[in-house]
């Protein structure tokens, strides 16, 4: 039996695409950094993946991950890996096969302190934050309010006599609920609360203060803290609750780069507080970026397993079983996952690059890009997180019964990724926000105002849509496929705008929330799809200079676009822009593309595996592994196999058996 390594190398060689160039251009400047992280984590005896993790209780999982986080911090100080921060904790998460234990501390707490804190505030605490003397959480969500930030009920009432803010939870609905790293770990928090001065409310602001004692780690007087308990998604994360009862913090607790309060309660606004949104945008960009890496690690694992697992003697004239990978249904799902993941990769790079441009502008008090970038990232976050889950579920199904095992790795990632659909913005809420902005942009275009084509490349053509008259061959070109999506979003936008603004028996609010809400969500999805399609097509030359690789990536791009056309082109079809025959041709074209990509599928997936650590599950997909032997050996290591019987069998089942036997005799 050939090793999976030999088989992969054969397929990659036969494909002929330039995997090394594609890999390095996809991972960009972080390639060497991330490769080193993977290597160090895989080789270190404390941080490397161990299958016993899946047998641990929730409490022991938490302890185990804290131990690994501490070791990775040591590796950072030893110079073997970079220090964990907001830009690389996703790579560390893939390396340890679970969400990084201090992910909220790095991804949100650090960012919000740095963005909203004054230079003095940041300088006073930054070293302690980096060294974990300060471990923080981002306490925004409450039992009663999540996405509606302005509805938060936690109060910060200014006491002029003592120059303190009194933090209070006026009702159970105001209790902070869900913040990660809060339940057991954090000793500080950035708490979002309604600032009240002299009886007047001044909106929601961020306050930074200690919540647990520095020595005993017990909650400070006036604060109640706990873990919210088991939930669907990363059981090892200590999401917590926190309630305040007349808890006092100094006036300096308010993060004061953009707002401060004088001794006598006068508010001073400095600069533009909208910069606070940058942290939220950054988290969403990170989710997009982290997403394609997670998907490719699971695609590679699934593909390796389906290459080795054989089922049914269906090869003509032989008794040889066919590898699962050879079946059309398997390859169709894997190709679809690969094409979407490359699309996700390119739009993530676009968003990351654009975010950094915005960040530079903001430093000069130029906020012109922020609103439009917020619209784009909101739509993409909602669209991609939902699509990610569909992709992961499909990959799990391809691994059959074994795919349900945590030893197969993918159930753990389904657990870990599922909260992303809701956290940092519920999908439907983000779609509504996006649609509202698109409607406003359409009004601006109708009034002759200019718009930024970086974010709305279709908007100035919405009012002039012509039918598709070109030949079927033209529909196969990437730009023509993108044109179909452009027309679809134009028709959706125009139609919804007319329906929402026409005078009838329904109010605008009723129409928005009760009649057209689903269509508005589809409009926002189309916006995300169109922007992703353009980004993918534009970035192919930057992913590879090799002619064959570019040709293959163009096919990958076109598979993604044709799939999205089949989901969202109903409006263009109904309006007559394309006809039924052309839609059938597009479907047939997709089938042809998938077939033509089969020689390259393995190379495309393996191009994104920078280290075997990414495939995680040595049970089903290790580079040199025999999945059957490894799966059996790992199953034997299950802690339930330490003895041949459980105590309760002797204590309860056997006595019950005798008792029931006596009943039978009676």
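Just so you know, glycine gets a Cβ as well, placed from its N, Cα and C.
Residues or ranges marked as domain 'Acyl-coenzyme A oxidase N-terminal' by TrEMBL: 29-134. Taken as a whole, the domain 'Acyl-coenzyme A oxidase N-terminal' (29-134) shows an average pLDDT of 90 in this prediction.
Under the DSSP three-state reduction, residue 141 (FAD binding site) is assigned to coil, being neither helix nor strand. Around residue 141 (FAD binding site), the same-chain residues at least 6 positions away in sequence with a Cβ under 8 Å from its Cβ are 176, 177, 178, 179. Sequence annotations record features per position, and here TrEMBL assigns FAD binding site to 141, 180.
Annotated domain 'Acyl-CoA oxidase C-alpha1' per TrEMBL: 277-439, in sequence order.
The annotation active site, proton acceptor is assigned in TrEMBL to 424. Under the three-state DSSP scheme, residue 424 (active site, proton acceptor) falls in the coil class. All chains included, 20 other C-beta atoms sit within 10 angstroms of the C-beta of residue 424 (active site, proton acceptor).
Per TrEMBL, the feature domain 'Acyl-CoA oxidase C-terminal' maps to 479-656.
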**OP:** Would you mind checking how many other C-beta atoms are within 10 angstroms of the C-beta on residue 180 (FAD binding site)?
**Re:** 25
**OP:** Provide, as an integer number of angstrom, the distance between the C-alpha atoms of residue 180 (FAD binding site) and residue 424 (active site, proton acceptor).
**Re:** 12
Subject >> Structural state census, the domain 'Acyl-coenzyme A oxidase N-terminal' (29-134) (DSSP three-state) >> reply: 74 helix, 0 strand, 32 coil
